[in-house]
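**Student:** Heads up, here are the entries from TrEMBL:
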type	residues	note
REGION	1-115	region 'Disordered'
COMPBIAS	73-83	compositional bias 'Basic and acidic residues'
COMPBIAS	90-115	compositional bias 'Basic and acidic residues'
REGION	163-252	region 'Disordered'
COMPBIAS	185-226	compositional bias 'Basic and acidic residues'
COMPBIAS	227-242	compositional bias 'Polar residues'
Amino acid sequence: MAAPTSSRGVKKVGKENAPPTKTKSKSGIEADGEGDTFGGYSGEEDGPKKSSKPTSKVGRPLQASGEAEDDTNDTRSTAELRRKLNAMTAERDRLRTQRDTFSKQFEELSKTRSTDVEGLFEKYKQKAEIQAKAQNDIIASQTALTEKLQAKVQTLEKALKEANGLPSAGGPFEASSSSSSSSKADPKEIKALKEELAKVKSESKHRDEKYAQLQREYKAEVEHSRSLQASGRGSVPPTASSVAGVAGVSHTTAEESEKDAACIALYEDLTMLSIPNVKIKPSRLGKEMTFNCIMSVAEQSLNFKLRCYTELDKSKDKPEYVKTVHYLPELLQHEPEAFVTKLDYFSTEFVIPRDQLGGFFVELRSKMGSEEEE
């Protein structure tokens, strides 16, 4: 009997051989204690009482370890969601900015979608409509006035015939009344009626001439508007240039600007003419350009302006538009008298057709360099 008791005591002393998940009740422990008193061993001497909960390797309960892992996972998911929220917010702001930019570009494109030619044509079209309406009103008033004048002329002619005693086609009574009225007619009244009749005829003729002139000007305006319309149809569509301008793309690159500057510098060296400033403003017939010029020849300089504009030439039978240049010298009061005398008629302002600018330039340069040539 001693051998079984000893082996049983060995099983209890070795804790690593006890299953960790099984626990004994109090009654079971007492029963073991009663039956195992041999050798001075009891169940209470086996050390501290084991916990009913399973433990982890670090001595904490498994349930607490799981809660910690859950908290860690929640923290990670929260950080991930926060990162995604920040990314979506940044993307939203970028799309809003892009939307505002596109909206602004569309508004600018809508405002600048017409070219200069189309704008000029629309301006002339409105002007032609206004002039046509004004001329129609003048024609209507002239027609009414002419009818009124004709009625007055007929009345005066009839009164003049009666005053001169011309017989009418009536009976003897009418003839006697007309003879009596002619005998009583006053020569001064007859003269006044004749003068008034001549005045009315003169006014009627003047108005007829004015009406014909207005008709010619109206036809010239219509032809000019048609020519502008034809040139506008043959021009480049405005969409490409407008879109490029709105998108911020410049048609003139740095290389092209450098080439233009080089060409202008060479032109100035060849012609000895520099144009430091140009002013452009709208006029009644298109645009008016004023060039401030400086001509330098033989160590002498002449400042002058060339004002280029378009006007209607009424001297011809068929009025037409002519490009004209107005020459105006400046600062001659600060130049020597000999230099001003040498300029001859270039010391005063005058007007020439634009197609004669070539001869104008050659003659001016000849006048300024006459002493050097001699």
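Glycine is treated like the rest: Cβ placed from N, Cα and C.
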**Student:** Reported in the order helix, strand, coil, what are the DSSP residue counts of the compositional bias 'Basic and acidic residues' (90-115)?
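**Tutor:** Split into helix, strand and coil, the compositional bias 'Basic and acidic residues' (90-115) gives 22 helix, 0 strand, 4 coil.
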**Student:** Please list, for the compositional bias 'Basic and acidic residues' (73-83), how many residues fall into helix, strand and coil according to DSSP.
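**Tutor:** For the compositional bias 'Basic and acidic residues' (73-83), the helix, strand and coil counts are 11 helix, 0 strand, 0 coil.
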